[in-house]
Amino acid sequence: MQKPSLPKGTRDFGPVQMARRTHILEVIKETFQLFGYQQIETPAMENLSTLTGKYGDEGDQLLFKILNSGDFLKDVESTDLESGASAVLPKVAEKGLRYDLTVPFARYVVMNRNELTFPFKRYQIQPVWRADRPQKGRYREFYQCDADVVGTESLVCEAEIILMIRNVFGKLGLKDYSIKINNRKILTGIAEAIGEEGKEGPLCVAIDKLDKIGWEKVQEELSQRGFGNQSIQNLAPLVSLEADLAGKVEFLKSFLKNSETGLKGVEELEEVFQILSQMGENLDFVDFDIMLARGLSYYTGAIFEVKVNGVSIGSVSGGGRYDNLTGVFGLPGVSGIGFSFGVDRLYDVLDELGLFPEENLNGTKLLLTYFDEKGFSYALSLLNIFRKAGIKTEIYPDQAKIKKQFEFATKKQISFVGICGDNEIQSGTISIKNLNSGEQNSYSIQEAAGLLENL
RNA sequence: GUGAUUGUAGCUCAGCUGGUUAGAGCGCUGGUUUGUGGCACCAGAGGUCGCCGGUUCGAACCCGGUCUUUCACCCCA
């Protein structure tokens, strides 16, 4: 028999990990609910036609496809095989695993448009799958925690995303991070302003590498991508700009003075800040990053990305506004905005920073122990009394030496053992020992229950 | 998908230019202790050296393939 193993990029979660993951998820869930979002779930698999074409060519490559049931070869002709994988695929697979939560949500909104009350605020916490090459902080199966609003263009949503991120990060104990924010319209405007209208896509891909490869290399790349020398020179003042938030805004107002779209982007950004101020909130952790570009295939307004400083993990949250996500499913003109927390990466970040609380297992509080058959029977009769009092109680099920039972309690981090021996049976009491302090006393059953209830 | 990298006991790792029965710490099991865990001491179990093939008198070590891990590119949570 060979050793069992897991598919590449997938993991098991043991009790300790689950306690920690649950903690993270609870914080996120509470926050979403606090801001008025309602939970939905969608199936792990979608029709392949729902998924393909939404994430670009590379995204399609990363989709997990599900082989049809039964004789999946029945529609395949030998000519298909000769034509290669792309000809065979649609005939052998009609379903795929979801790649993110946004596209299934868009599908959901379109299918339920008549039942939903708009603006519709939903959150969704489910695993997604990508046939990516695994690395640190990158898995083939991972959870996303999405919150989206559809059916409103109000910038209150943008402001509230910032508040939700700060709420979650604060509760998780994260103190050094930046919420990078930008606006797709600003990027469009920049492309216009330097004389390369419509080319913000390649512009951003190149400029995104500024931190990594430097301005010189970025210029080379831009040149390769067909940007004129004059355009690249026009870009220079922006690259070298060092200013605070207000300074950046002022600079852009003049830099983008001939781009209507660009100015609109700056206005939107200012309005978000304005709304925050009206809410009595500040701009802590907010970093206006003019070069931030992500999800260009569908974002049209605000863009978010959150990075925790001082750790080796990539972004732990991201999102943005999309004006026409449901358009591809036949419902145009519905604006939406959403963002997502990556629980798995948040876990890695908290782990790396040592921010998980020590006692997080929330497990059993009391283990009933005994020496012999008589004590075992006595302990069985007490179980329900403690459990009714709301105390997480268990009994060592196999009749074993008391030493073994104590070791079990220690290993499972059970703080109290209740000893059921002849003396206790005779007097109708129980001896409670605190395994952390070593202190031991005898109590009546009711006293013991009352005592443990309050600890 | 491209180029690297990793794999030895449950865990973290040693293992000399290829040479007898592959080691350590922690963990595990039993005992010192049949009304008491952690600490200490004693004893013990546990490995087809990721897998398949090749070179060699001989392979954990060299070569090829494959899987896995990690990293860069790409992209992303």
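Placement of Cβ uses the backbone N, Cα and C atoms for every residue, glycine included.
Between the candidates A:Arg113, A:Arg130, A:Arg133, A:Arg138, TrEMBL assigns the L-histidine site shared with A:Asp100, A:Leu101, A:Thr102, A:Gln144, A:Asp148, A:Arg294, A:Tyr298, A:Tyr299 to A:Arg130. Counting other Cβ atoms within 10 Å of each Cβ, the lowest count among the binding-site residues A:Thr102, A:Gln144 belongs to A:Gln144. Within 10 Å of the Cβ of A:Arg294 (L-histidine binding site) there are 18 other Cβ atoms, across all protein chains. For the domain 'Aminoacyl-transfer RNA synthetases class-II family profile' (A:1-350), the predicted model reports an average pLDDT of 89. The record assigns A:Asp100, A:Leu101, A:Thr102, A:Arg130, A:Gln144, A:Asp148, A:Arg294, A:Tyr298, A:Tyr299 to the L-histidine binding site, and the maximum Cα to Cα distance across that set is 21 Å. In sequence order, A:Arg184, A:Gly320, A:Arg321, A:Tyr322 are the residues of the chain that are 6 or more apart from A:Tyr299 (L-histidine binding site) and have a CB within less than 8 Å of its CB.
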